Amino acid sequence: MTGTTGTAATSAPTGPARTAGRLGRIGVVTFPGSLDDRDARRAIRIAGGEPVALWHRDKDLHQVDAVVLPGGFSYGDYLRCGAIARFSPVMQTIVEQAKQGMPVLGICNGFQVLCESHLLPGALTRNDHLRFICRDQRLRVENNRTAWTTDYTEGQEITVPLKNGEGGYVADERTLDALEAEGRVVFRYTAGPGTPEEQANPNGSRRDIAGITNEAGNVVGLMPHPEHAVESLTGPTTDGLGFFTSALARLVA
Amino acid sequence: MARVVVDVMLKPEILDPQGQAVQRALPRLGFEGIADVRQGKRFELEVEGPVDAAALRRIHELAETFLANTVIEDFTVRVEEPAVSEEAPA
Amino acid sequence: MARVVVDVMLKPEILDPQGQAVQRALPRLGFEGIADVRQGKRFELEVEGPVDAAALRRIHELAETFLANTVIEDFTVRVEEPAVSEEAPA
Amino acid sequence: MTSQSLDTVEHAERTPGTELPWAELGLKEDEYARIREILGRRPTGAELAMYSVMWSEHCSYKSSKVHLRQFGEKAPTEGPGAEAMLVGIGEQAGVVDVGQGYAVTFKVESHNHPSYVEPYQGAATGIGGIVRDIIAMGARPVAVMDPLRFGAADHPDTRRVLPGVVAGIGGYGNCLGLPNIGGEVVFDACYQGNPLVNALCVGVMKHEDIHLAKAAGTGNKVVLYGARTGGDGIGGASILASETFDAAADGDSGTGRPSKRPAVQVGDPFQEKLLIECTLEAFHAGLVVGIQDLGAAGLSCATSELASNGSGGMRVELDDVPLRDSSLSPEEILMSESQERMCAVVEPGNVERFLEICEKWEVTATVVGEVTDGDRLEIFWHGEKIVDVDPRTVAHEGPVYERPYARPDWQDALQADDPGRLPRPADGKELRAAALALLSSPNQAGKSWITDQYDRYVLGETVLAQPEDSGMIRIDEESGLGVAVATDGNGRYAKLDPYEGARLALAEAYRNVAATGARPLAVTDCLNFGSPEDPAAMWQFAESCRGLADGCRELGTPVTGGNVSLYNQTGEAAIHPTPVVGVLGVIDDVTRRTPMAFADEGHLIYLLGETAEELGGSAWSQVAHDHLGGRPPRVDLERERLLGEILIAASRDGMADAAHDLSDGGLIQALAESCLKGGKGARIVVPDGTDPFVFLFSESQGRALVAIPRSEEVRFTDMCAARGMPAERIGVVDGEELDIQGQFTLPLTELREAHERTLPELFG
Ligand SMILES: Nc1ncnc2c1ncn2[C@@H]1O[C@H](COP(=O)(O)OP(=O)(O)O)[C@@H](O)[C@H]1O
Ligand SMILES: [Mg+2]
C-alpha cells in the first residue's frame, strides 16, 4: 500500500471502519432507474461501512460521509445517460457537497451523471462498436491518491466487470492533455495476460481512459463496476473492494 | 459537396419513449407550455457530385431500406439550403 | 400550435460511431459517392402559444442545458415552416 | 365516434341484422355463431373485438388445450417436484417451493412473430411481457434467459433479424436490471421465415406474497396503471400469432384481406422498471387483492380474466382509461396491446395509498372500474353500455378444437435415412479437421458475441451464467440458497421423432441443471410448432406433448406452466417441431456449485455414462454432411436421474471441481468448452476397443464429464460403482493443448480462435 496523500491512512484497515464510535456512512443514491444500487450498498457493507439509501427526490443526504452514484439508467436515459439525473433534487446537494470535498464515486451511470453535472470534465458516448458490452475488464490504477483508490498501488492491475452501452470517454484534446498532466486519469483500460493489446479498450474511450477524478481528488468516476467484484462467488475477483475500503479508511483518519 | 439531410421520426401512432422521457422531465426543469415532444434521428449525408433527381432517388431508397425502419418510422429527405442553421437569439 | 425543431449533432471533432457505421455499410448496399455521414438527434417540440423571441430564447436555453450536451454536441433551433417534409421523388 | 354511430348493447339488440367483420378479426363462422348464441343477440363491435382476440389461438389455446391437459393428468404425484408445487398450470406462471420460506416462479414464453416483423422491438417486448407475468405473481424478477432460433447463419435476413433480436433483448433486460443467465442460439434454415424468440423469466418471493389474478370483493376498485394506452399493436400479438404467417401478405396484397402486419409495439423498459418497483411496493404494503398484467389482448384479456377468476362481475368505464391518442375508438382501446400496463384490484379504502405508491414511482394510475355483485362484465363508453357479457365465456369458455393429426408419410423414410452410411473421418488428421469444423460451425461455436451484450452481473446474485451448463442465482445471502435454470430444445431430434425429441429436451435441461449441483424440481416449456391446421404439424405437436408429459412424470418434475406458439410456418414449410424445455433446480448452498471449467492441472477427467454409436440428428451429421435423418439418440430417463444424483452428490460432497454435460457435438464439444473456459488443456486417452470417431462425436445421452482432484478419486469412483454408474477415467487436465492421444492435438490458441471467431465474423 503506498497511499501518499495527507489524509489517507498509510495502513488502511480493511475491516470495519469507525468514526466516533460509528461505521463510516456511505450514501447510495437510488434514482427510479438505478440498477446497481443494491450491489453498491452490499459492497459498502462487505467493506465494513454502513450503507445509507438516498432517494433521488430527497435533497437531504442524511449525514453521510461519502456518496456513491450507482449504475443503471437513472431516468431511463433515453436522451443521454445522466442528462435528467443532473437536475434531480439529490444531485443539487451532492454537487454542493462535492465541491466542499465530500468523497463522491460515480460508477457507470454515476460517472455519466458526474460528467453531465460538470463535476467531472468530458462526456460518455455510444461505444464505438455500437453494442452494449458486458465483460470482465482489466484496469490499471494510474492514481492511488484519490479518495477512492488509496488502497491500491500505482500501476496495480485489477479486474472488475464492465457493462455499458455508452461508455466511450471523450473530451477535447486540451482537456485530455490537462487530465494527463495533472494525473487525473485514475484508471486506464489494459489487456489482461494473453489478450492482444488492441482488445484492451472495450469502447473506443480516448486514451484508454476508464476513470478520472476532479482536481481535488474527492470525486471519482469510472465506467467499470467495482461493486460487482467484492465477492468471489458472484464476481470475477474481489478487486473492487479497495474502492470502498479506501473511502472508509479516509473517514477513520 | 452538397448536404442531404434525412430526418427519421417514429410514426405518430408508435410510442416514443425517448420523446416522452424528455417531456416528462420538462416541468422538473421549469419548462411549461410544450405540449408534446418527439425524438428522432437526423442523418447528414455529404454527397459528392450533383444532387439531381437520380441522386435523390437513390438516397430516398437508402433511407427507406436502411436509415429508417419503415415498420415503425417515417422519414423525409431534403437538400439542405446553404444557410441552414439559424440559431435562436441567445 | 407551432412546431419548433431542435437538431443536435456531435461536434465535428468528436468521433461519430453511428454515422461511421452507416457510412461503412454503404458500399455493401451498393451506394457510392457519399463522402461522409453524421448521425444526430432531431427533437420536435409542439409549443403552445406564440413562438416569439422569448419562447425561442427559452427553447434555446432548454437545448443548451438539456437536449444537447455542449461538451460534445452542437445544436440548432428553428421554427418549422408550414410545408416541411418534401419527400424525394419515389 | 359520435353517439349515433356508437354500437351499444341496446343498439345491437335493435339491429340484429347488422353485419360485423368477424372474419377479418380472425373468427370462424361457427365461432361467430357461438358468440351470438351465448349473447342471445349479435355482439356489439366492442364485444366482437373482445371475443375475437380472446378466442384467438394465441389467447385461447383452442388447438393445443386437449393435448396440454396431459401435463396436469400425468403430473407426478409424489417426490420432491410434486411436493414443491404451490401454484400450477393456469395461472400467469407456476410457483414452486424452494425451502426456507421462499417460492420461485418461472415461465418461458414466445415472441416469435413480432420479432420477425421488427426484431429489436419484438424481442424487447417479449422480455417485457414475460417479466410482467412474473411480477403479477407477486414475485421480484431476478433473472431472464433467451432461447433463440434463427435461419441459416449466413443468410442475409439473419443479419437483419439476429442483431436486432439480441440488441432488443439486451436493451430491455439490461435496462430493467435483470441478469441474463443463459439461453440458446440455434441456426437452421427451417427457421428462416420463422425465427423463434423465446424468453424466460425467474422470480422470487416469500410464500405469503403469492398473488393470483382474480377480482374478488364487491365494491373493490379496478386500477389501471403504467403506460397510457395507444393505438399500437391493436390485436397484434394475438391475431398475428394465430394464423399462418405469410411474409408476402404484408401490406396490401390485393386480396381484400386486412394486412396482418400489426402496428408494432415499442417497449419502454424504464416504464417497466417503474412498474416492477411500484407493484412490489404495493404488494408488500398489502394493498392488492388481485392483479393481472396486460399482455396480448390488452384490456380485453385483463378485465375478462380478472372478472372470470373472481366471484362477482365487473363494471369498467372505458372513458377513464388514460390514452396516448385521444382518437381511439372503444374497440381499439379494448384491443390495444400497448406495453407496460398492469391492472390491480384494490379495496376502496386502500386506493389512495395505492395511488400514492404509483405517484412515488411516477407511474400513471387510474381507477377505471369496480367489482360488482353480478356476474356480468359491463363496459361503458360515454355513459352507454357497449359490453355486457359473462366474462367466463370470453376468458375460459372459448372454442376447443380436436384438430385432426396424422403421422406424416415422410416420417418413415426420414427415420430410415440413417447417418451410419455417411463417410467418416478415417484417421487422426481427418478427425482433427472434423473437430475444428464442428467447433467453429455457427451452432457449436462460442456465443459470446451475443451473450456479451447482456448484463449478467446486475443484482449481484449471479453465481453462474453463460457459458455454464445452467444459470444460477443466489436467493438468500445468509444461507446460500439458490436456484439454477437451464433451457434446451433440439429441433433436429424432434423432427426425427417428436415424442423422443421432447423427452430429449427435458433430459438435456435436467442434466444441465444437475451438472451444476442443483436438484431439478420443475419444468416450464415453450412449444414452437407449425400450423395446427396441418395434420402433420399437429401430430408433431401431439407427440411432443405426450413425450414431455410422460418424461416429466418419469423424472418427477411437474410442468408448472409454459406457452404454445403455433403457425410457425411459411407456406407449406413449417419449422422443425421445437419444444423448448426449461428446468428449474434448487441448491441449498451456492458455494457448492460445480462450474464447467477445467481449472486445475492434474485433475482427473472422468466420463460418466455409456457411449454408443448415435449420430442421428447429430451436430456432426449437420456440419459434415448437411444431413438430417435416422433416429435421435435413445433417452433413458432413469439413467438421467441416476446421473443427476451422482452429479449432485459430487457437488454436495465436494468431490468434483468441474462438471460439464455432454449434448450436441458430443464429447469433443464438451472437452473443448471445459478447456477453453478454464484456459487449461487436457490429455485424453481413447479407451481400448472404442472407435475414436464415435467416442468423440456420438451424441449418446445421459453422459457428463467431471474433473476430480486425485485425493477424491477413490471416493468418487466408489460412489459411481455403488450406484451402477459407468465412470471411465479418460484423461487428465494438463498443458496448453487438447491432446487426443494417438489421434491429434489442438493447441488452445487454435481452438479458441476456431471456436470464437465465427459469430463475430458473421455479425460483427
Ligand atoms: N441467447 C443466449 N442467451 C444467453 N445465454 C446463452 C444464449 N445462447 C447460449 N447461451 C449460453 O451459452 C452456453 C452454451 O449454450 P449451449 O451450447 O446451448 O449449452 P448446452 O449445450 O449446455 O445446453 C450456455 O450457458 C447457454 O446458457
Ligand atoms: Mg450443457
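We count from 1, first residue shown onward.
The backbone N, Cα and C atoms fix where each Cβ goes, and this holds for glycine too.
Together with D:Tyr61, D:Asp525, D:Gly562, TrEMBL lists one candidate of D:Lys107, D:Lys429, D:Lys447, D:Lys677 for binding ATP, that being D:Lys107. Record check: TrEMBL places D:Ser110, D:His111, D:Asn112, D:His113, D:Arg132, D:Glu337, D:Ser338, D:Gln339, D:Ser565 at the substrate site, and the matching candidate among D:Gln265, D:Gln411, D:Gln415 is D:Gln265.
For D:Tyr61 (ATP binding site), other Cβ atoms within 10 Å of its Cβ number 18. According to DSSP, D:His111 (active site, proton acceptor) is assigned to coil rather than to any helix or strand. The Cβ centroid of D:Tyr61, D:Lys107, D:Asp525, D:Gly562 marks the ATP site; residues of that chain outside this set whose Cβ lies within 8 Å of it are D:Leu68, D:Ile89, D:Val108, D:Glu109, D:Thr524, D:Cys526, D:Leu527, D:Val559, D:Gly561, D:Asn563, D:Val564, given in sequence order. According to DSSP, the secondary structure content of the domain 'PurM-like N-terminal' (D:90-205) in residues is 48 helix, 45 strand, 23 coil. Among D:24-62, D:218-381, D:468-587, D:601-736, D:468-587 has the largest number of CB pairs under 8 A with the domain 'PurM-like N-terminal' (D:90-205). Cβ atoms under 8 Å from those of the domain 'Phosphoribosylformylglycinamidine synthase linker' (D:24-62) belong to residues 7-9, 11-13, 15-16, 18, 68, 235, 237-239, 241-243, 257-258, 296-298, 300-301, 304, 330-332, 334-335, 379, 381, 386-390, 393-395, 398-401, 532, 564, 566-567 of the same chain, restricted to positions at least 6 beyond its ends.
Separating the Cα atoms of D:Arg132 (substrate binding site) and D:His58 (active site) is a whole-number distance of 17 Å.
Helix, strand and coil counts under DSSP for the domain 'PurM-like C-terminal' (D:601-736) come to 56 helix, 24 strand, 56 coil.
Helix first, then strand, then coil: DSSP counts for the domain 'Phosphoribosylformylglycinamidine synthase linker' (D:24-62) stand at 25 helix, 0 strand, 14 coil. According to DSSP, D:Gln339 (substrate binding site) sits in a coil region rather than a helix or strand. The maximum pairwise C-alpha distance among D:Tyr61, D:Lys107, D:Asp525, D:Gly562, the residues recorded as binding ATP, is 17 Å.
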